[in-house]
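Undergrad: Input: one structure, supplied below.
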Amino acid sequence: MKRVIWMISGLNRRMMKLLVALALIAYIASVWGTYTNMRSIQEQGDLKIEQIVEEAVAPLKEKIHDLEQSVSQKYPPVKFLSEKDRKRILITGGAGFVGSHLTDKLMMDGHEVTVVDNFFTGRKRNVEHWIGHENFELINHDVVEPLYIEGLAKRVGARLLLASTSEIYGDPEVHPQSEDYWGHVNPIGPRACYDEGKRVAETMCYAYMKQEGVEVRVARIFNTFGSRMHMNDGRVVSNFILQALQGEPLTVYGTGSQTRAFQYVSDLVNGLVLLMNSNISSPVNLGNPEEHTILEFARLIKSLVVSHSQIQFLAEAQDDPQRRRPDIRKAKMLLGWEPVVPLEEGLNKTIQYFSRELEHQANNQYIPKPKAARMKKGRPRHN
């Protein structure tokens, strides 16, 4: 009996060992399985997270690609010029009305252009379509702090082009005005600062040319109009167009019998480039010899806008030039230049530009009020 009990007891001990061993194996298997499952879940989780991130980033990548494409394609077409033909050109006031159009022309011709402007009357959006281009640089700077461009021109052997004006002729006693006419200017009148300022600028340029040997070109610019004109600059074209578009009276000073000659901005820019590349060191008139009275001009704009505005006559301004018309024989003969854009065609383009500007500003809750004229101590401006 004892032997039987002992055998059962031994059997139980072996069974217990076996059961413990099986339990241990089962535990190890369970732990291993749990670890394996957890690792699998983690890997799947990582893959899922990567997939979610990829799905979120994909649209951003597409937008970045679109932006890169738009940046690389946004510039107007530019010619390729070899190193010897490509010029490096500095334009002060290059974000303004005329300056920005000159910038466009020179950039598209393949030159490297640096624009300096303080954005007082110029605007960055006049040249923003060139920002980022390898040939273009924009510097925010006021020339009240000297750039010493005349010294720079001397040091690098550059040519200096001065944008002068028909205002140097004053209220002329000679008609039409040729470059050898010295002018008729009141040196202490309400227009004197601008008139005499441009006259002395010419004087200083030619003195520097004689003293230092720097090449100088001088363009005497007659009335110019076109897109990118400042809406509140007080000039006759912008005034009349704004007044006509907004249904306000077109303000004419005196009887309106004063005459002016208006050229479209693209004609002027072509003349400036030709003059800059020429060997003509003396001043050259750039303007349209087609002469109109201010009253005729007001009526023409009123008709093109199809406006119901009335024409309002105000007191005549002091020293307002009575007749102005350029003699452009010199430009024709030596530059082969003359205006080609018809007056009405240029005016229609300018009217469209001002209409878009008014619409844009209306959406921004600001409507500019056209100034009757730029007034400084009683000085209106019919330029």
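Any Cβ shown, glycine's included, is placed from N, Cα and C.
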Undergrad: Kindly point out the range from 164-183, 364-383 that TrEMBL annotates with region 'Disordered'.
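TA: It is 364-383 that TrEMBL describes as region 'Disordered'.
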Undergrad: Averaged over the whole of the domain 'UDP-glucuronate decarboxylase N-terminal' (2-76), what is the pLDDT?
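TA: Value for the domain 'UDP-glucuronate decarboxylase N-terminal' (2-76), mean pLDDT as a whole number: 63.
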Undergrad: Give me the DSSP three-state residue breakdown of the domain 'NAD(P)-binding' (90-149), ordered helix, strand, coil.
TA: 19 helix, 14 strand, 27 coil
